[in-house]
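Novice: The following block contains the structure, expressed as structure tokens.
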Amino acid sequence: MIKLVLIRHGQSLWNLENRFTGWTDVDLSENGLSEAREAGAILKKNGYTFDVAYTSVLKRAIRTLWIVLHEMNLAWVPVHKSWKLNERHYGALQGLNKDETAQKYGEEQVHIWRRSIDVRPPALTEDDPRYEMNDPRYKALKKGEFPLTECLVDTEKRVLDYWHSEIAPKLKNGNKVIISSHGNTIRSLVKYLDNLSSDGVVSLNIPTSIPLVYELDENLRPIRHYYLSMDGEVPEGEIPKHISF
């Protein structure tokens with residue numbers, strides 16, 4: 001049996017401020033740092049270890065992974081970073097307050113942008129100061145590859161490309177893998193692994209910094225999945241609450 005651990009980054013500063021974040025490189029809040037330490041302690045207490053780790057090129061996911069591995073005394077584990085594990089690009093919504101955006105465009109429209117799988121938010125323009133194409137972390141991307149906005153289907157396409165080319169072969173070779181990433185990135189992976197319908201993924205929420213474990217067969221088909229807490233597996237349908245840490 002193969003085990004895969006997925007973890008969404010801890011609370012970010014813009015999660016705290018209720019802003020659309022996307023590819024904006026926002027750090028963890030103090031609470032997010034605590035959540036990451038708690039996640040590492042949970043994994044260590046439950047006897048987990050890892051051979052290789054994957055994350056995005058955004059600091060909130062990277063820092064969460066660093067803290068988790070530090071808490072587990074696994075700082076030596078090789079870490080692979082890729083833009084393909086970045087959060088969904090929210091286009092011109094990035095940086096905007098979600099409540100204020102709902103007041104401007106209407107709650108129904110914002111809900112469609114956030115939760116539908118195939119509707120993109122308004123795109124950034126290339127002269128927008130939020131356009132990140134010239135950031136050195138993206139220098140390998142061709143202009144046509146760099147998103148100005150994304151729907152969940154767009155995000156899923158790049159995430160699964162990286163899954164099949166990089167992560168799945170490691171799992172099949174017996175490596176113990178952890179992925180520290182973002183809400184929509186993990187939603188994309190869960191949709192694929194569990195073969196969820198479009199309706200099923202719309203209502204799927206991923207909590208910050210709580211380990212989600214998938215037990216997989218030799219073909220990487222899910223046997224079962226569950227969240228972890230200090231007390232072990234959490235009953236199906238329940239999500240553990242963070243404790244003060």
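Yeah, the Cβs are placed from backbone N, Cα and C, and that goes for glycine too.
As annotated by Swiss-Prot, active site, tele-phosphohistidine intermediate applies to HIS9, with the evidence given as sequence analysis. Per Swiss-Prot, active site, proton donor/acceptor is recorded for GLU87. Residues or ranges marked as substrate binding site by Swiss-Prot on the basis of sequence analysis: 8-15, 21-22, ARG60, 87-90, LYS98, 114-115, 183-184. Per Swiss-Prot, the feature site 'Transition state stabilizer' maps to HIS182; the stated evidence is sequence analysis.
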Novice: Relative to the Cβ position of HIS182 (site 'Transition state stabilizer'), how many further Cβ atoms are located within 10 Å?
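Specialist: Around the Cβ of HIS182 (site 'Transition state stabilizer'), 26 other Cβ atoms lie within 10 Å.
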Novice: Express the distance between the Cα positions of ARG8 (substrate binding site) and GLU87 (active site, proton donor/acceptor) as a whole number of Å.
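Specialist: That comes out at 10 Å between the alpha carbons.
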Novice: Looking at the recorded positions HIS9, GLN11, ARG88, whose Cα is closest in space to that of HIS182 (site 'Transition state stabilizer')?
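Specialist: That would be HIS9, nearest by Cα distance.
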Novice: Tell me the Cα distance separating GLY183 (substrate binding site) from the residue listed as 'active site, tele-phosphohistidine intermediate', rounded to the nearest angstrom.
Specialist: 8
Novice: Looking only at GLY22, GLY183, the binding-site residues on record, which one has the least crowded Cβ, with the fewest other Cβ atoms within 10 Å?
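Specialist: Selected from the binding-site residues GLY22, GLY183 on minimum Cβ neighbours within 10 Å: GLY183.
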Novice: May I ask for the distance between GLY183 (substrate binding site) and GLU87 (active site, proton donor/acceptor), taken between their Cα atoms and rounded to an integer number of Å?
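Specialist: Each residue's Cα considered, GLY183 (substrate binding site) and GLU87 (active site, proton donor/acceptor) end up 7 Å apart.
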Novice: Determine the minimum-neighbour residue: among ARG8, HIS9, ARG88, LYS98, listed as recorded positions, which Cβ has the fewest other Cβ atoms within 10 angstroms?
Specialist: LYS98
Novice: Between GLN11 (substrate binding site) and GLU87 (active site, proton donor/acceptor), what is the CA-CA distance rounded to a whole number of Å?
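Specialist: Between the alpha carbons of GLN11 (substrate binding site) and GLU87 (active site, proton donor/acceptor) there are 14 Å.
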Novice: Would you count the other C-beta atoms found within 10 angstroms of the C-beta of GLN11 (substrate binding site) for me?
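Specialist: Its Cβ has 22 other Cβ atoms within 10 Å.
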Novice: Does DSSP give ARG8 (substrate binding site) helix, strand or coil?
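Specialist: It is in a strand.
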